[in-house]
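Taken straight from Swiss-Prot:
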DOMAIN    9-336  domain 'DhaK'
BINDING   Gly56, Ser57, Gly58, His59, Lys109, Asp114  dihydroxyacetone binding site
ACT_SITE  His221  active site, tele-hemiaminal-histidine intermediate
MOD_RES   Ser350  phosphoserine
DOMAIN    372-571  domain 'DhaL'
BINDING   Asp401, Gly402, Asp403, Cys404, Ser446, Ser447, Gly486, Thr494, Met495, Asp556, Pro557, Gly558  ATP binding site
MOD_RES   Ser511  phosphoserine
MOD_RES   Ser545  phosphoserine
Amino acid sequence: MTSKKLVNSVAGCADDALAGLVACNPSLQLLQGHRVALRSDLDSLKGRVALLSGGGSGHEPAHAGFIGKGMLTGVIAGAVFTSPAVGSILAAIRAVAQAGTVGTLLIVKNYTGDRLNFGLAREQARAEGIPVEMVVVGDDSAFTVLKKAGRRGLCGTVLIHKVAGALAEAGVGLEEITDRVSVVAKAMGTLGVSLSSCSVPGSKPTFELSADEVELGLGIHGEAGVRRIKMATANEIVALMLDHMTSSSNASHVPVPPGSSVVLMVNNLGGLSFLELGIIADAAVCSLEGHGVKIARALVGTFMSALEMPGVSLTLLLVDEPLLKLIDAETTASAWPNVAKVWVTGRKRSRAAPTEPLAAPDSTTAAGEASKQMVLVLEWVCTTLLGLEEHLNALDRAAGDGDCGTTHSRAARAIXGWLKEGPPPASPAQLLSKLSFLLLEKMGGSSGALYGLFLTAAAQPLKAKTDLPAWSAAMDAGLEAMQKYGKAAPGDRTMLDSLWAAGQELQAWKSPGANMLQILTKAVKSAEAAAEATKNMEAGAGRASYISSARLDQPDPGAVAAAAILRAILEVLQSQGA
């Protein structure tokens, strides 16, 4: 079965892709009648060396993404995984020659079709009197025994584009550029690993891998690698890759003894997530530095892909300061990363976390008995939430990811652990602020953020007073913050429904002579009724808002949890005769 591809036609996909790149990049032009992209400022290259490269399509952004000042002059593209036509290569050579360049260097990956076609075009151009040289790049470090065909050309070719481009931009002659990049090409190695195959448009996958296997050392066209290994962690696979490509027992290895300086290239083969790419980059940096290798630059991204192949290749280039300056030289090529000219090894990679600001003076503190009461309230809230864990999870499975109870239990355990460390702040405002930070850090999820917002805002009115009107104002402030940032409103089937209902009842605390427990009892009953009523509501916020209302026939777990917290507070205060 062929895989799905977003193309207009199988036959025209390479042309369409190149046309799209040129259409969106004013510094590029197509060469009429050919699958060739050139710099649009060719006339500015008069008296300089031109650099041409290319190969089969399907390796984007290679090679056309590397056209620009300081890199390639132009690229000749073939059909997917197919060498470009000799006629198009020759047309590109003639085009740059007619623009007044003093010679052309062809940078070619080591594949038979590319060598033959670029080589034939070179000979024809030389017969016409055009100075043309060719460098064949073979940086594959997969095979321990070299075959007659030599090492395959892989992602390291892009580094040759960069070095040659910097030299050409500096006005260096054709012969010297050819000699210098030939030396550089021998000082690097690349090794890839794939989790599964890719597929050419209109065709089946190029190979199959078992679910627990990865292919080590495969080519960028899906060619077989050196062996298949069992799936392992990113750290283990990266360590294996680096060991294989630097081992002296490997005839195609790149020698990287301790103390060496390298440029590291972490290349996405097309289908790897950026998350995985970052993990692999970290593993590669740690592994190399652990072996005493100094990393001058680390280039991470997609440089030479194999269509949608989920895999990665690592390239190591041995560098000294002169070569590093060429890597760092400016370029306008769209696919070259903007990397700081700073050594990776030796750079301070973390900054000390800011110290917490000193607590602002607070005129309100709870007396000893009141402070003990706060501890009892918090302990009972924790016990209540732990007992509701499975019930809340069950309610959440209908409309979310089934972790509401787990999230609230995590908060309860964090609070219980915090209480064991010592007495909580005696100031209600400081207590709520501490709880806010604790929940933001430990509870997680949107619930942690919402409770954190609520408590942070609620703490503000309690800095000056802690009478009943101040506690009512605290409830108002917390609800306002939840609505402002959570974008929920009463009736949206969220925890806000319970808290809002309670908050309306607590307005009575602002009246002179208000009875604290009577009003709180009414507030809790209203919160519980509001929580139960959410089962008849259509969700307007949160994950449940994406679920059909026909499937929501249970109360919202967040609302149930909020009502249960209020009930726990009431029960402790009643037992204490507050």
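Quick reminder: no glycine exception, Cβ is built from N, Cα and C everywhere.
It is 33 Å from the Cα atom of Asp403 (ATP binding site) to that of Ser350 (phosphoserine). Around Ser57 (dihydroxyacetone binding site), a 10 Å sphere centred on its CB holds 25 further CB atoms from the protein chains shown. Max Cα-Cα distance over the annotated dihydroxyacetone binders (Gly56, Ser57, Gly58, His59, Lys109, Asp114) is 15 Å. What surrounds the dihydroxyacetone site, by Cβ distance within 8 Å of the Cβ centroid and not counting Gly56, Ser57, Gly58, His59, Lys109, Asp114, is the set Gly54, Gly55, Ala62, His63, Ala77, Gly78, Val80, Phe81, Thr82, Ser83, Ile220, His221 from the same chain. Per Cα geometry, Ser350 is the residue among the recorded positions Ser350, Ser446, Ser511 nearest to Ser57 (dihydroxyacetone binding site). Comparing CA positions across the binding-site residues His59, Lys109, Asp114, the one lying closest to Pro557 (ATP binding site) turns out to be His59.
Look at the binding-site residues Gly56, Gly58, Gly486 and count other Cβ atoms within 10 Å of each Cβ; Gly486 has the fewest. Rounded to a whole number, the C-alpha distance linking Met495 (ATP binding site) with Lys109 (dihydroxyacetone binding site) is 61 angstrom. Rounded to a whole value, the Cα-Cα separation of Asp401 (ATP binding site) and Ser350 (phosphoserine) is 34 Å. In the three-state DSSP reading, Gly56 (dihydroxyacetone binding site) counts as strand. With respect to their backbone Cα atoms, Lys109 (dihydroxyacetone binding site) and His221 (active site, tele-hemiaminal-histidine intermediate) stand 12 Å from each other.
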